[in-house]
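For reference, TrEMBL has these:
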- 52-315: domain 'DUS-like FMN-binding' (DOMAIN)
- PRO54, MET55, VAL56, GLN108, LYS176, HIS204, ALA259, ARG260: FMN binding site (BINDING)
- CYS137: active site, proton donor (ACT_SITE)
Amino acid sequence: MEDQIKNLLNNNNNNIENINNDEEYKPIVKIYDSDKQNLMDRINSGEFMKIQAPMVRFSRLPFRMLVKRWGCDITYTPMIMAAEFNRSESARDSDFTINKLDEPLIVQFGVNDAEELVSAAEKVKDYCQGIDINCGCPQRWVMKEGFGANLLLHPEKIYDMVKQINNRVPIPISIKIRVQSDLKNTIELAKRAEKIGVSWITVHGRTSAMRSSHPVDYDAIKLVKDSVKLPVFANGDVFTLDQSNEIREKTGVNGVMSARGLLTNPALFKGYDKTPIECIKDFINIYSEYGGLHPVIFHRHLMYMLYEYHNKNEKSEFNKLSTISGIMDYINDKFLF
């Protein structure tokens with residue numbers, strides 16, 4: 001089995017440099033037979049949802065499949081820039097790779113124009129169970145282009161995009177926001193979004209100016225939850241299942257979303273305190289079958305997953321590896337796959 005995996009991974013490594021032209025990056029699509037409201041039925045029934053956050057570079061198909069096997073109820077694509085997605089077939093092939101096991105899936109777009117969003121949503125509506133507008137990314141280039149958290153300064157753009165999706169594309173629409181320094185603005189945004197038909201809101205409990213080391217304001221998330229009747233998910237510092245349950249108790253939210261926590265431990269929602277070896281095996285097997293990741297990203301995922309297993313010297317040794325074959329040899333030697 002080890003030789004078979006190595007051969008598959010080596011073949012991927014030989015062909016992966018030209019990502020947009022590689023056959024494995026073509027979407028493996030499925031027209032969903034299930035009602036698009038099926039996910040909403042689950043959410044509205046009171047089921048507490050465990051969610052993988054949209055992460056640039058990381059929340060692609062192999063990782064989404066992994067975390068679904070290990071406890072996630074919903075996964076998100078990375079933020080996809082709607083304008084480029086609409087304009088470029090190669091961007092669509094690269095940014096939106098799925099298969100029949102990839103549900104329920106939410107496609108997140110970076111966008112500030114209703115027509116661009118509608119056009120992009122039309123292209124993916126048959127292959128996902130929801131569309132999300134990124135209203136929280138604090139990266140400078142995103143803010144400068146008028147996307148992400150910049151939209152919090154221009155809420156009318158958010159309302160217009162939500163209205164147009166509700167009027168023209170039959171699919172749930174959500175928004176992912178950060179709290180603002182003046183919480184009155186956050187509460188007003190949530191109430192307006194509810195009135196115009198947002199399906200749910202995900203609230204990151206930091207402002208766009210705060211670093212990840214700053215404590216998450218769960219009281220602010222609770223204020224948002226208490227101000228609306230629609231489902232609200234909490235985002236920020238979800239690293240264990242116990243923390244998820246504590247956040248639920250503190251805020252009353254309908255679910256929690258994790259980013260860094262799932263990167264270091266994709267099985268956290270199953271209650272594991274570090275990534276089980278079986279989970280790492282699953283990730284390697286998924287990658288060997290589906291590809292879909294640049295070798296650098298494959299390596300980075302394993303760096304995060306193996307972090308708790310390595311001492312300082314082992315971390316340094318593993319981090320210096322540069323080929324798929326070298327990575328696999330190391331893991332086979334150390335963990336006896």
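Using the three backbone atoms N, Cα and C, a Cβ is placed for every residue, glycine included.
TrEMBL entries are annotated by machine, without manual review.
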Residue, out of the binding-site residues LYS176, HIS204, ARG260, whose Cβ gathers the largest set of other Cβ atoms within 10 Å: HIS204
Protein Cβ atoms within 10 Å of MET55 (FMN binding site), excluding its own: 18
Winner by Cβ contact number (other Cβ atoms within 10 Å) across the binding-site residues VAL56, ALA259: ALA259
Inter-residue Cα distance where the pair is CYS137 (active site, proton donor) and MET55 (FMN binding site), in Å: 10
Rounded distance in angstrom between the Cα atoms of the residue listed as 'active site, proton donor' and ARG260 (FMN binding site): 15
Cα-Cα distance, maximum over PRO54, MET55, VAL56, GLN108, LYS176, HIS204, ALA259, ARG260, record's FMN binders, Å: 18
Per-region confidence, the domain 'DUS-like FMN-binding' (52-315) (mean pLDDT, whole number): 95
